[in-house]
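Report on the structure given below.
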Amino acid sequence: MPSAVKINALCELCHCRKAVMRRPKNLQKLCKECFIHVFETEIHRTIQREHLFYRGESVAIGASGGKDSTVLAAVMKTLNERYDYGLHLILLSIDEGIVGYRDDSLATVKRNQSQYEMPLEIVSYKQLYDWTMDEIVACSGIKSSCTYCGVLRRQALDRGALKLEVHHVITGHNADDMAETVLLNILRGDTARIEQSVNITTNSQGSPVKRSKPFKYAYEKEIVLYAHYRKLDYFSTECTYAPEAFRGTARTLLKNLELVRPSCILDIIHSGEQLKLKHKRRNASSEMEVRSNGSVSLPNKDGNRCERCGYLSTNRICKACILLEGLEINRAKVQIDGTSVDGAAKLTKTLEHLAF
Amino acid sequence: MVIAQCQKCKREPSTVVSRKETFCKSCFLKFVKGKQRKQMKDGRFKVKYGRNEDQTTEKTVSAILAFRFDGSSLVLLDILISWLEEQLAMSPRAHVGFNLTVLCYSLEQPQSWIAEKATQIKTKYHGEEGISRLHVKFEILDCNDEVKRNEGLSGIYLTDHFESLIDRSNKVKGDALKMIDTQIQDKSAQEDLKSVVERDVIVRHCLQLECSILLLPDCMSELAISVLAFTARGRGERISETLGDNYIDVDGNRLEVLYPLRDILKSEIESYLKICDLERFQAPKIDNTFKSVKNKTVNELVREYFESVEPEYPEVISTVVKAGSKLRIPFSEGDVKRCGICREIINDDPQNWLESITVNEGIPAKTEEEKRNYELYLSSIQRPEERELYTAGNKESISLCFGCVADLRNLRGKFSWPAD
């Protein structure tokens with residue numbers, strides 16, 4: 001006969017199975033079955049409430065092979081079948097060209113492709129920009145690597161989606177990422193972004209690709225637990241190029257706050273939804289903003305196109321083209337034969353395989 | 001060793017370095033006072049002229065200084081007193097620009113300590129006679145007494161579905177401040193609810209005294225802490241009220257709130273205290289050096305964060321305050337609802353918001369063993385004290401804001417509070 005379970009050891013939702021974890025979001029003690037159920041149902045409710053998709057829509061899942069995008073692919077496949085969304089799901093990966101890191105994570109995405117039976121498209125920085133991240137870091141240093149990567153990846157995802165004739169990309173940004181963005185926008189005084197910090201969907205006027213974040217309210221820890229309980233296959237190494245230093249301080253603060261007040265991630269998102277800017281007095285249509293770098297913002301902020309690449313931009317030349325121009329100026333004119341621009345990831349991987 | 005020269009007067013040796021500039025003592029004090037004057041440059045506070053005081057009485061506004069015995073309160077009081085002295089010395093016909101009531105209170109220190117320190121401070125400024133000449137009055141406030149004057153404490157309940165209920169039928173007499181400590185385990189929630197009491201007591205006292213200007217001593221660093229702490233507690237809408245709008249509306253009355261030290265850094269407050277020998281009047285500080293992160297509060301963590309990033313990113317504090325001052329109160333549609341605990345305007349229904357993002361239904365029992373466990377659970381909740389939580393009884397619905405719901409979210413049982 002099975003041993004009797006103590007009442008206070010039971011799951012706080014079903015009250016019939018033994019609790020195996022404390023839910024990071026609200027500290028509820030839950031059994032594995034209830035946790036998986038509430039996690040998936042909450043994502044489903046978010047999708048329904050925000051009307052993220054329409055029947056028959058083709059949706060690209062931004063897949064890096066990491067925990068967030070792997071769980072996103074798994075959950076989307078489950079929900080699409082369970083609730084009959086009628087979506088056509090495609091995996092879209094970006095190969096930034098970080099030898100020893102991205103090649104490994106792309107191998108995970110390729111395994112996910114067969115596990116979830118979804119088509120996969122890989123777009124590389126090399127194809128699009130003629131630069132890899134390893135080359136960019138070798139040229140401009142490690143400190144600004146996230147600036148380059150962030151700007152280029154955003155464009156690459158859009159271009160990849162258009163190549164597939166898909167107009168909706170979903171990404172694995174979770175509640176922790178949202179909360180971190182709210183804190184960062186306040187700390188940087190970025191009033192242009194403060195109101196949009198927690199938007200679940202971003203769709204600039206004139207942009208052919210919409211982006212959504214179905215994990216807006218899902219805690220990072222819960223995503224990891226979900227991947228663990230469902231035994232999902234994901235790549236868990238952090239990018240070897242150091243994260244931006246200031247963002248790192250905000251992340252540490254958020255983790256400390258979460259330790260003393262687990263609800264703080266949702267609390268910050270709620271605060272983010274309440275942040276509204278005072279109305280500007282100046283007449284935006286008759287004025288042009290000259291930025292500190294000399295670039296001029298165009299009067300109609302949405303829907304403008306870059307003169308060089310045709311990508312959506314608030315300036316005449318988009319940020320990616322400005323960054324690439326700077327890189328081209330500094331590109332080595334002569335390459336010594338046999339030298340490699342592979343970055344720290346490759347070196348780490350080589351060292352890992354050394355043995356006495 | 002070469003002693004640097006003051007960059008302002010270019011005569012005296014420098015004693016303070018602030019914002020990459022060197023100052024001698026007098027130039028530093030002038031610099032800090034200049035920042036305060038900028039915030040109170042309004043004509044209402046300027047020196048009044050007249051043959052006798054009766055001629056200026058009508059024109060003289062009254063302001064209350066919330067004096068909590070911290071460094072910023074002491075610096076602001078010192079600056080205001082020296083300003084009033086300057087005003088009187090301007091001409092034989094000059095009279096003070098404003099009447100000042102110093103509202104002395106502390107949530108931590110006993111009343112005897114507050115009274116003793118208030119006397120010492122008055123002595124420093126030439127005693128009762130000296131301060132009354134400047135139209136400065138000291139008042140001692142007992143926060144506990146103010147809360148107790150309320151009709152009694154009602155029980156507030158938060159259900160598993162974030163529904164908030166209140167039982168007004170069984171009001172009990174009690175000490176609300178002590179009740180916070182005994183009822184709430186979470187230190188950050190305690191800190192937040194105490195600040196609600198503090199603010200409520202001060203605002204109501206201002207209205208009682210028919211005073212329309214409240215001077216709060218928070219400096220730039222403290223305001224930046226408030227901005228991030230409000231954000232972390234789900235009280236984002238409070239940022240605009242604190243930094244953006246300068247007004248508090250209570251029961252149809254409008255109170256103007258000013259932060260005269262909002263351009264001054266904490267390090268500058270500390271230098272000022274040292275130069276003017278004011279440190280001895282401060283309430284004892286709690287040492288957090290050996291506290292683990294888990295035992296700290298939201299405010300303590302945010303304070304430490306700013307202290308750690310300030311050397312590398314010195315502009316971050318002013319950036320946060322500037323960003324906060326660009327925000328406005330989000331408009332609420334329809335009738336304005338106020339929170340039953342903190343009396344803040346409720347912009348969206350926290351119950352709806354939390355319910356929409358949290359699933360509270362599990363997977364029902366399937367196996368025999370699971371069904372048996374469920375039966376056991378059902379019989380266990382039949383005990384009266386737990387049943388009380390789940391049945392409505394005399395309880396009625398009460399509106400709570402998101403910040404207060406967040407504070408009470410992990411509370412099991414009732415929360416006694418002086419709700420209206």
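Every residue, even glycine, has its Cβ placed from backbone N, Cα and C.
These numbers come from a predicted model, not from an experiment.
Binding site for ATP per TrEMBL: A:Gly62, A:Ala63, A:Ser64, A:Asp68, A:Gly172, A:Asp177, plus A:Ile94 from the candidate set A:Ile94, A:Ile98, A:Ile142. DSSP states for the domain 'Cytoplasmic tRNA 2-thiolation protein 1 C-terminal' (A:304-335), grouped as helix (H, G, I), strand (E, B) and coil, give 12 helix, 3 strand, 17 coil. In the structure shown, the C-beta of A:Ala63 has more C-beta neighbours within 10 angstroms than that of any other entry among the binding-site residues A:Ala63, A:Ile94.
Looking only at other Cβ atoms within 10 Å, the busiest spot among the binding-site residues A:Asp68, A:Asp177 turns out to be A:Asp68. A:Ile94 (ATP binding site) falls within a strand segment according to DSSP. Other Cβ atoms within 10 Å of the Cβ of A:Gly62 (ATP binding site), summed over all protein chains shown, number 24.
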